[in-house]
Every structure is written in C-alpha cells, then in structure tokens.
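Inspection log for the structure reproduced underneath, given as structure tokens.
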C-alpha cells in the first residue's frame, strides 16, 4: 500500500475541516468483502490441514471444507466450529478458552483465529488505516460512522479492530428493515447522517466503491473522497468523488478552530486589537450580507444597516477599506454608495479600486459561458422546488434556499452538486445558499491578498499593514485563513449553522456591532493623527550646547549594542561624542591617585562605525559646526527606532545643499547597524567626495570627572580595506576581548548602483574609503553604510572578524534591513505598549522610556551574559557598571517578556560563586552581591571619589551597600510569582534565595541586652550616609530598609524550599549543607530583627533622628540645585553624615516594594505595631528631608504618594518622565540615560496606578488612575495568560486572550473573581 500519496487531486490534499464538516461516513463494503474472503480462506486452510493431519476414525468425514460448509456453520458464527465438527462426526471436548492445541474445540477456534489474523494483515490492509483515521476524527471532535450494505459482518469488523472506533453503524439489515433502496440511491447514507445528528450538506462521505461514491454525490454530501490503492482514480472521479487518495493518511483533519460562542467579543476585548495597531496600520476588509446588512428573506431587499455608511466613510478617511461580497460587483456598488472604498464582487473575481479602475480575474472569464448554461439548467431542474431562487451572476450561480421547505433542502443541494460536478464547476456553500463558481484557486482570501499587494507600504514602515477581515458566512472562512498569521479575523455571529466553528480571532454579535467597531477604530485612528505625533521626539534647530544630551536621548540600540546619536561627521569635541557599546564588554585599567593604586573597570567605547562626511569640489569637509545652517531638524521615530537628521546649509562658496540621514541598530540582526545619507544639490553642479571610515582610535572620555584616569581600552587596530568595505580588528587591552567591525559603503541613485571612484583612506587606527561621484543641480545621491560588530564574547562565533565579514556579506540593502528591523520593533511594541489616551506629551515620554529600556534590555539580551547597566548602552557614566537598577527594571520585564527577565536572573546566578566568595571573605555563609560589578561579579566599586566642586578625592565606601542582594532576591521571587515557574525554583531560584538569606542571617548579630538582631556597618539606598559623624566611612547601623527586607528574603527562602518537590529539596539542602539548626535560626531572626522607630515614624537607620536638621531653605537659596548636597557640604568642609538629609528614598523604599498590608504584616511578625495611619506621617517626614539627588527618588515618591491617593503624586510622576529629557540632574544625562528611572516611570503606570500586585498565587488589582487623564491601557502576561488591562479612575477591565492556561484568581479590594482564557472581567472598586 502506498501511504500518504495523493492521487489525482487538484490543489492540496483533501481536508476534513470542522468549520464545514460535522461528521464523516466511511463506507465499508470493500472492507467487509475482503475480510469475509479472508475469513473463509482462513477456515478453509486451517480445517483442511487439520482434517488431513487427524487420524481417520470410524464415522468421521475428513473431506475438504466446502463453500456450503463455511456458509452453514462458520460465516458470522464465532462458535460454529463445534457444529461443523458434529456434522462431520468428530467429537472433541470443549476445553479451556486459553487452549492452543487441536485436541479441544476452544483450541481449534484459537488456532484458526491466529491464522485469520495473519492473513488479515495482508488481505485487508485498509483496516488499520481506517481505524487510525477514525481515531484522528474522534480526537478532533468530528462524529464518525460506518455504512455497509452487508449483513452479519460483526466478526470480520471485530477482527479488523473497526468495531471499536465507530459509534454508529448502518448496515444492510437496517436499510432492509426501513425499506430503503440500495446504493447508488443515497437513502442509506442519509439515514446514517441522521443517526449522527448531521446534515448531509455538512457531512463527508469516504468510500472505495463506485456505488457508494455515486450515493454520496446524489445525496448532496459536502465532500466525497475516494480511497484508491489500485490506480483507478479516473473511474472513481467520474463516479462522483471530489478527491482521490491512495490512503486515508493523506486526508488532513483540522481541529484548531473554535466554536464561535467561545471566541472573544471584539468590542469587549478591543484593547487586544488596539495593541496590535501599536506598530502597524490597519487595512479593513468586510463582507456585505450579514456583516454590513441584515440577513433578509429576499437578497434584493438587503441594505446597509443604519450607521454603516457613516462608519465606512469615517474609516476610509483613515485607512484602506474594502468590501468583498459574493454579489455581483454592480450589485455591490449599488448597495454600498460610499466613496473611497475598494469594492469586490463575486468573491473577488471582479473589483473596482477607490480611483475607479476596474479589475477582473482573467482566468475566470473562461467560465462565464459555462456558468450561464449551468444557471439555465438549474432553473429548469429546481423549478418544482418551492422557494428556490437561482441567481445568475457574472462569475457565479447562487441557489438560495432560505424559503425552501426543510424536507426539500437536501434534494436541492444534491441537484446543485451533481450539476456542478458534471460541469466542472466548484461548489461552495454559505448562509442558506449553495453556489457554483469557476474551478480555479480563487476566493475571498485570495482577493484580500490581491488587494493588499496593491495598497503599498503602511505609513509606519514597509510591510506593516494589519489586515482585518470581518464577515459572517462560511465563504468568509477563506479570508480568515488568509489573515490567520498576518492579521485579524472577526466573525459576525449567527445561528443558522448552530454554534459552528471559525478560524476568526474575535467575534461581533450583529451588523450593528460591526458599525460600532468600525466607528471606534476610525475614532482611534483619527485621534492618533489629530494630536502631535506621540511616536516622535523632534528637536528643531541645531544647539551645540545640547548636542551631547541629544546624543544620549537619541541613541539607537537593540539590547546587544547601543550607539549614541552623534553627528556622523563629528569626532569627539566639546559638542560631540561618538560612542558605541556592546553589552558585557568590559576592560580594566590601573591608575595611581593620591598615593593609591586604583583599578577601574569600564564598559568599553568600541570603534566608531558611524564616521562619515563629505566635501564638494574638493573643498572643506562638511562640519555641522562650521557651515551656515538654513534649517535643521532631528527626529527620533520611536515606533521604528530610527533616527533621522534633516538639514539644509549654505557653504562658503554659496552652494546650497540638503542632507538627510537615517540610522538604526537592527532589532532583527543585533550585530548590524546602518546609516543612510542622501545629498541633494540645489544650485550647484560638481563632484562630491564622501569619506566613510571605521575609527578605532577612540577612548573612554565622555565623563569629565574621569578624565584624570586612564581611558585607552583598545589595542592598535588591524585594518583591511577591500573594494567597497573595510574590516577593523582590535581587542581590549586587559580583558582580551576580540572586537571586529566590518562596514560597507555603496552609492545609489534612483534604485541603481552608482559607478563611483573608490580610493583607500587610512591611518594608524582608521580605515575606509574616499568615494567620488558627480552631481548636477537638482540631483541627489544616497550613500548606504552598513556595518557589523562582533566580539569574541558572542555565542556561536568562530572569530569576531570572520563573523563580522560573513554577516556583512549576507546583509542586503539599507531599505531591506530597515524593513526587517521595523518589523521586529512592531512585534516588541505589541508586547510592551502602554496607551495614555489624550496625553500626548506624557505618552511620548513614556514611549521614549520604553524604547530605551528595550534598546538596553531586549530579547537579544536573553542570549547574552549581561546585566542591567545603570546608564544603559548610551554612555559611560558609572563606567557602565551593574548596580541594583534591575530592581526597577526586572518587574517591568517579568510582566512583559518573562524570558528576558529570567535571563537577568540567570546573569546573577552565574555570579553566585563570586558572591559566595565575597561573603566568605567577609566571614559569612551565603552570597554577598557587590554594589557595583562589571564582567565577572566581583566588587568594582570605585575606591576614591572625585568631588568636582572641591576637586578633592575622598574615600568611597559604597561597597558597604550590600542591599543589592535584596534586589536580586526580590526580582527572583517576583519572576516566580508572575510565571508560576516552579522549575525555575528547582533550577536556580531557590538556591539563589537561600544563599542570599544565609548571608543576611549571618550578618545579623543578636544583641542580648535588647533581645534583637542587629545589622551594623552598612549603607542603605540613600547613599549619602556612609557613616556617623566622626566615623564617615564605617557605615550605619540598622538601616530600616535593609533589616525589613532581610526578613522578607528569609521568609521567601523558607517558602521557596517548601515549594520544592521533596527530592529536589533534599538535593539542594545536601548541596548547600543547610542544617536544621540554621533554619531554626532563620526563623528566630525573622521574628526578632530590630527595626528603628522615632515619634511613630520608621527611622531610616538607628540614630537618624539624632542628627542635625539641615537649613534647607538656606541651601536652596544659596545653591539653587542641591540635589548633590553631599558634594556641596564636602566642598564647604562639612559632611552630609551630620544631617537628616537623604539623597533619595530609603525607608520609603519599603512602601515601594511592599504593599502596606505586607509591610504591616512583617512588622507585626517582628513584634512592632505599625498602623496604616502612621504611613502618611512617615512619607511626609522623608519627603521634607530628601534632596532628590537621584532620579530614582521621584519614582519612589510618586509610587508611595499614588498608593496613598495623594494629589501631588502626578507631580512626581511628571518629574520622572522629564528627568532625562530635561536633564534635571544638571548635565548627567549626556553621560548616559538613567535606565532605572525610565523603567520606574513605566512601572508606575504598570503596577502602581493599577495597584497590580502578585500575592499568594493571586493577581491583585487596586486601580487608582486619575479619571480626568482618560483611560490607561497596557498588556501583560501572568501565569501563561496574555492579559490586557484598561483602567479608568477606580475601575478596570481585564481581558484574557484565548488559550489553554488554567483560570486565574483576580482580587480587587477584597472581591475575588476567576478569569478564564478568552473572557473579560470588570473590577469596580467602591470608595
């Protein structure tokens, strides 16, 4: 048997599709015939052998078995062998049912069955195939029955295994009892369908007999499939088969579509669709009948429902709209009188574009005459069926049976199918209609694709259309299939096919809700263009004093690398600083300062790939700082992550030139960056020389206060210049990381490569080309520069140089690479979007912050060994070190991209050995994570700090800030709460928590006089206070944040151990040598940790309230900006350690990480009474004593004020949003963005104003968003659910996308609901 070979089938193999088919009837006549012959042959062979072997006894007849003997004694009689033996005078004892010898009746029966089964495998091979196919149908939920004209076939079906797989059998005995005529009359098949509860028009017939196939065709069954293993396909097709297969394994069984009742309502879950539009522009396609019009008794009476014309008109003004109907095109145009639409008739065989141009399917025109003849024949054949309407259209014949009596419908459909089959036309079905069309591969889905190809690129970038198809009919399923992976299908619900299945993503209830949906979509699209585009950050005019700030704000990146938005023609200067950084590429240099040897590890500034300038007629090289600028505009497209610089200038010779540059760091190919430069001459003709280089002579000199330190991290470059490309190789001087940059520069005009002159340009550390081309006035030329950057740290890399060259060789042109990049960003925006309706400026800054977060930590980061650099990949402040900033970053990512958040935890887990060594050196068990780290997890905090106000170097004891470990533990537990991933706890999460908890238990020392555990000599989040007056660098005692969070970590470690399966828990305890005594001590510490208070306020640390009060007004009046109060006081010969003055939130961090209930519960465990009414006093106390010397301060203050519903929370939120764009830290943003503050602004929206918490395996919401600001919307993930949250004031709606995740519990201020996939709940909270 040939298995899986499709014979004589046009198009793909036949498919049993639950959208069109409810049941399958398998004809078994051939199987029964073959099995009966095999059964007779088995008995004949076995008994003839037995009678020959058996010794002759008196009265026994040993003659061979005859056909009459088989029929009388054995056919259909499992126990008939005893009667046969008696008739032959042979007497045998019954024996046992397990006998396998020939001296008992049972033995003979069993031995014969073995012979039968052996012959059956070769004689009836179809049996196993049919059984397997039937089981596939059952798994897919398709009802299945068997039909045969035979009687008494049970024993043969039992032997083939088929008796078990068919729930319904209709055989010759049943049809005889009912008086039904034999095949090819379809009566028997129709009775079988009836017993299955299926309509023949939605039922499939499968048979290998020509009479059975004819019966299927005569009965009007939806699909007739012939099984042919003997090359008789032509006869089977002529007998009525729609398709012929050699084996049922070739038939596809589809099961993935959903019942319409289970599909989410598009209006209720509109936010999901809106999210898809974050990075794409829609094109909307609609059916007419049942979608834009009500279903009516007479097709000619259909009209647009009220409001449809207005909705279509409004939507067409914002995006392409098409109506694709089964009606004739002229009919559609007459009923949809709205300008600006694509209109398609006859399922898209004929179309008219918005500009009036007419199109038709050329292949279909050959069928026009045949359709006309078919229409005439059908009119004649159906004239006796009352209510039947034959509608002849140019490219189809539709037979409507809405008004036909139920008992006549099957005959009508059968007649249409017979005629269509005979005429070579395609038969399709729809709402109370069966239709004949040209038998070519064309349907509404193909028409949708055809129109889509002619719409051109979407405004947001090439190939970023989102096709949306809305329809109600079975014929619309072709369109739903077309958009299944690239767009959105929306089915309009009706009951004429029951709760049928559909491939649509969403549903709408009726044409009126379709109008609501279209109007909502039009409104949203219109609103997006009415406002100043919140997807762009625009700088008008050139300002050298702000250029470095703009470079940081407009840096492009992809999680692997970041490249500052520097002018390509500019080298390092007071106004410009080219910088490119790859995550995790560090190098250490040594200096001698103030008699001390100082080692500093830095994120390395890599060779400048961007370097590009030009000159006209051999004049001066272009420099933005020296020409006369006539216009200048810089645009950062946040949606596309592309930076565009457009300028027009006049040079010393009076020549006016326009230059437009665009660049990106590919989110699709992380090692790739690209720059496109277009030069247009306005009033001159002459030569243009481009100089395109890769510059390896770069240093780390961005931060002024580091200039006294060594800055050259790269060795002398090796440069290889090729025809139109260059390869630069170098490595870091201490860490030995190989770096390769390959760049290709090509010139283009009107899509064609320009034949330009290339000359090598190179010196010690720079290499590339001078490229000359001639321009005439009004002409333009475009240089495309594509570069690839690799290091020896990259995975799956032979050498950095080979990889860079190979990647560059595979890279296409700029437009293609940019298109791939924009697509990747569209996918990211769909997962990470936040929408603030009507708040353009705030939304722009939120998107800027999201962009920089994703440019620093992206899905590519998950493939790297890299942490969260405090200043992103945008600059060199803090030397690119990893601090505790992941505490503000990871919770954002856990709820959006859990895999990326997991990679940040894995980064910390890989550095667990270093943290253990640090703890061991300090005399403790467990893990002590460093305050600052770079390449390997060692402590790399600076030993000396330069105060730029005083010019003095002072000791820097920041390595006492051990609370980084608390942040690591918090992120690990938050990740587990989001994902429910217990395997993470098994793999590494529990070990991480236990080792961090161990360290804090060891650091906490019992003070017998107080009966409390104390933690001494640390630095808290404040950072200002490194000690007490007179002991400036010894740390402070009992920092409240540290002590409380240490208890929190201990409890989470204990909980994590309890969550582990017994075997895994035992293995971990053995691995760590964790004793029962230790765990007892954990419990003791978690109940007796000391927490300082004064006057009902949580003290920042013990003794804080005894410090002097600062004259805040005096210092603000004298200095204005006092954010870095520590530097001001040190320059005055004073110390911030003397005062109740904090750099940033410290004690209030407890209210940032913990809910008030959690904090109060922890303090109660420790024996402290702390009431909710004490929280406002604590907040106010520290707000008045904080200089906000860190951008994180405003994040925490906004958080705690918003949770308390305080009116000034939004002031702090807006301060967070503007912290970098306004450079509120006084020039620090140019050194690198403040990544944690940017992430914090997102988290304020994502978790704070939503009240989103994860506690006790439950999602907790407590929305608190100012209603006047309009709705707040965003997607997130939780426990395998894809969720969308929409908040307005104190109410919210939460929608779960379709899927198979278990229901989740959602709590809102005491009220708990369960949310299932594909459903929406509303949470409204009483005041």
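Residue 1 is the first one shown; counting continues down the chain.
Note: Cβ is positioned from N, Cα and C throughout, glycine not excepted.
Taken straight from Swiss-Prot:
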type	residues	note
ACT_SITE	1023	active site, proton donor
BINDING	884, 885, 1143, 1144	substrate binding site
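Here the features listed in Swiss-Prot are placed on the structure.
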residue	record	DSSP (3 states)
884	substrate binding site	coil
1023	active site, proton donor	coil
1143	substrate binding site	coil
- [ ] Could you say which of the recorded positions 885, 1023 has its Cβ with the most other Cβ atoms inside 10 Å?
- [x] 885
Task: Beyond the site residues 884, 885, 1143, 1144: chain residues whose C-beta lies within 8 Å of the centroid, for substrate - done: 883, 1021, 1023, 1190, 1192, 1236
TODO: Would you count the other C-beta atoms found within 10 angstroms of the C-beta of residue 1143 (substrate binding site) for me?
DONE: 22
- [ ] List the Cα distance (Å, whole number) between residue 1144 (substrate binding site) and residue 1023 (active site, proton donor).
- [x] 8
- [ ] List the Cα distance (Å, whole number) between residue 1143 (substrate binding site) and residue 1023 (active site, proton donor).
- [x] 7
Task: Neighbouring C-beta atoms (10 Å sphere around the C-beta of residue 1144 (substrate binding site)) - done: 24
- [ ] Let me know the largest Cα to Cα distance in Å among the substrate-binding residues 884, 885, 1143, 1144, as an integer.
- [x] 16
Open item on the list: Are there any residues at least 6 positions away along the chain from residue 884 (substrate binding site) with a Cβ closer than 8 Å to its Cβ? List them or say none.
Closed with: 931, 961, 963, 964, 967, 1021
